[in-house]
Structures are given as structure tokens and as C-alpha cells.
Ligand code: PLP
């Protein structure tokens, strides 16, 4: 068979882009060589509908072992009693949880997308806002942080069936214990979506949701530094409270409801090559090296946020506890879209992002979101964060000046020249 040069040339071009640029997209990271190898392995050839030991296809002995190792390592990493490693993405993990816990039309309470939430937390353009009845909490205009008393008020008034704690663009730690008290007061199920800070949480750097939340979902590819995908977890105590009682009086446990909601409810065959890559990433995340990496992520983000604040940037909530920050550019007189485009011309990749109380559309936005998980993987430290803050500022100030953007690009490429990228 002829090699498909057209596609491989594009893959090479993307690799060059990743090598030469500064990657500040908060949801991205660079996986290790072994994670990449597993993701591109022969396991992609195997069908394995079902779960380890209970498959609908023959020849699953090997992938059974792989999947069980992934489950066991995720349990050890997060201190979870139940893990499903099959969701193809974070969105599919959330879809499965909703399908297991809710009926169409049930009310859900999530973090407003424009304040930092995710599409799957009730946005009207997403299944979560179409199939269910969403209401939202947000951040305070003055402080940019969550006000738990107000979340309690909304929950008491709205009586949601499920509450989602978690975000895509929130730089502060989340009080899961307080969320649980709110959920208990209205008899709601509490789901944490820790997609962004999962790596920091796994290493004990941020609050742990597992003891407090009935169900926890995460993507595996952000701070967790695994392949693209999702997982669903539960702590020790949450098997029974929301299980369904069957006609014969037996209780259908939450874990079996969740498993059935993933397969056959929402997916067919699991991606065993990705599950192998997840297993390897979880193994990496169990090491002390990964703790040092996460400590560096937190330090780098704090350093970058401080440097940007000192240059007059309005970071929502004034700083960061995790890997990311959301910048309101309205005092800099350019939109998130203009900033994203100018930064890309200088080989710095970020995404435009709505900010709380934004007056611009999601296609334009007033803000950008920055994260440091990817650049930290490439070995960048605090001094580099100060240099990156200078470069970002240079671009923002000169966003219409092509030669200034070109000069920043040269500096970016020189900075990243010797920084290793896996592969
Ligand atoms: N949940 C949160 C909080 C996220 O930030 C994301 C992705 O950005 C997702 C879910 C969805 O993940 P995926 O893109 O894998 O569907």
C-alpha cells in the first residue's frame, strides 16, 4: 500500500508547529513517548464491547488485562473505589453520568459557560442544555470568585436533581465539601468535573473531590497528561444512595448504572489503544516525578499571573491557584479574537474566551485563557514564565504591528529551540 504522504506531511507540519511555538492553551499538554506509542499501537484493531471478563467478542484476554490495569491504576491515583476508563472523551463521560442519574427534563445546576463552566454543564447549544433543564451559578462581578452562599440560594430555589462542580476556565480551588452540603440540603446528586485540574488534584495540590462528590469525571489529557479521553470515578461511600430499586426489590448499584450508561448506553466498542495509553499515563502520574511536575505547574502559573498583573492585566479573581488564568482584555482595548490571532502570528497559542459578564459574542469575546501545563512539560521554569509574560504583553500592545509580531515570533522560536518535546 502506498504511504499517504499527504497526511504524513501534515502530521509533520503539526509536529513542527508544536516544537517551535509556546503552547499556552490551558486544556492541552504533551504526552510521553510511551503514551504516544500505546495510542498508535495494534490495540486499535481490537473490538471489545463490554467490560473485562464480560465481553461480547472473543480474543479479549489481552485487552482485559490492559483495561483492568488502567482501572486499578486510576483507583490508586485518585483514591477511588470505582472507575470506568472507557469514555472516549470528557463530554462522553459527562453524558453517561447524566444518562445514569437523570431523566430528560430533569433540572441540573452548573457553572455558567461564560463565567468559566463547560458546554456539557448545561449550555443551550449542547445535549446537556437541550435534554435537561439547566440553571446556573456564576462568579461574583467584583471578585471573580464563586460565592457559595449564592449557590446555596440558587439550589434552594431551583431544587436541581444534579449539581455540577467544576470548570474549564476558573483559576481558584473549588470547595467540594461546601458543594456537598449544598447538594445534601436539596437532595441532589453532586458530580465534580475535574477535567482541568485533575493532575494537581491527583497529587494532593488542590482539594480532593472524591470524599465529597457522589461522582467524579475527568478528561485524561489536560494536566493529567494522558491521551485524549475521559474517565468516571466514585469514592467509597456512593454505591447505594442513588441506586435504582428493581422490581424484585434488589438494588441496582450506581456503579452498574454508570457502566451501562457508558456501554451500551452511549458508546460501542472501547478504544483499547487509548485505554492502554491511559494506563501508562496513570502509571506515570503515580510517580514522584509527576508530583514535581505538578508543583512546577502551580509555581509557573502563579509566576506568570503575577507578572501579567504587574503589567496591568486584569486576571479574573486576581491570580491563580491552579494551572490556568482567564484575562479580561477590556482595559487593553482589543478583543479575545484579536489577541488570539495576533499571538498565533507570533507562534504563541492561546484561546479566546468569554469572561464573566462579557458584552461580546462567543466568536469575539473579551478575554483569553492561558495555561502552563504544556510549557511546563517542555521544561520551562519561573524565569521562562517572566519571559513569556513579556512576549505576550509585546504582542497585545503591538497587535496591529506586523513587524513587531514577527520580532516576537523570532524570540519565541529561539526560546523553544532546545526545549524537548516527546516523540
Ligand atoms: N469538562 C470540562 C470541564 C472541560 O474543560 C472539557 C474540555 O475542555 C470537557 C469536559 C470535555 O472534554 P472533551 O473535549 O474530551 O469532550
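Residue 1 is the first one shown; counting continues down the chain.
Cβ atoms here come from the backbone N, Cα and C positions, even for glycine.
A mean pLDDT of 95 is what the model gives for the domain 'Serine hydroxymethyltransferase-like' (2-391). What TrEMBL records for 2-391 is domain 'Serine hydroxymethyltransferase-like'.
For residue 361 ((6S)-5,6,7,8-tetrahydrofolate binding site), the Cβ neighbour count at a 10 Å cut-off comes to 10, with all displayed protein chains included. Taken from TrEMBL, the feature (6S)-5,6,7,8-tetrahydrofolate binding site covers 113, 117, 118, 119, 361, 362, 363.
Summarising the annotation, TrEMBL assigns site 'Plays an important role in substrate specificity' to 221. All protein chains considered, the CB of residue 221 (site 'Plays an important role in substrate specificity') has 26 other CB atoms within 10 Å. Under the three-state DSSP scheme, residue 221 (site 'Plays an important role in substrate specificity') falls in the coil class.
For residue 222 (N6-(pyridoxal phosphate)lysine), the Cβ neighbour count at a 10 Å cut-off comes to 27, with all displayed protein chains included. Per TrEMBL, N6-(pyridoxal phosphate)lysine is recorded for 222.
With a cut-off of under 6 Å between the Cβ and any atom of ligand 1, the recorded positions 118, 119, 221, 222, 361, 363 reduce to 118.
Cβ-based crowding with a 10 Å cutoff singles out 117 as the top-ranked of the binding-site residues 117, 362. Distance from the CA of residue 222 (N6-(pyridoxal phosphate)lysine) to the CA of residue 361 ((6S)-5,6,7,8-tetrahydrofolate binding site) is 26 Å. Straight-line distance linking the Cα atoms of residue 363 ((6S)-5,6,7,8-tetrahydrofolate binding site) and residue 221 (site 'Plays an important role in substrate specificity'), rounded to a whole number, equals 25 Å. In this structure, the binding-site residues 113, 119 were compared by how many other Cβ atoms lie within 10 Å of their Cβ, and the smallest count belongs to 119. As a whole number, the greatest separation of Cα atoms within the (6S)-5,6,7,8-tetrahydrofolate-binding residue list 113, 117, 118, 119, 361, 362, 363 is 17 Å. The CA atom of residue 222 (N6-(pyridoxal phosphate)lysine) is located 14 Å away from the CA atom of residue 118 ((6S)-5,6,7,8-tetrahydrofolate binding site).
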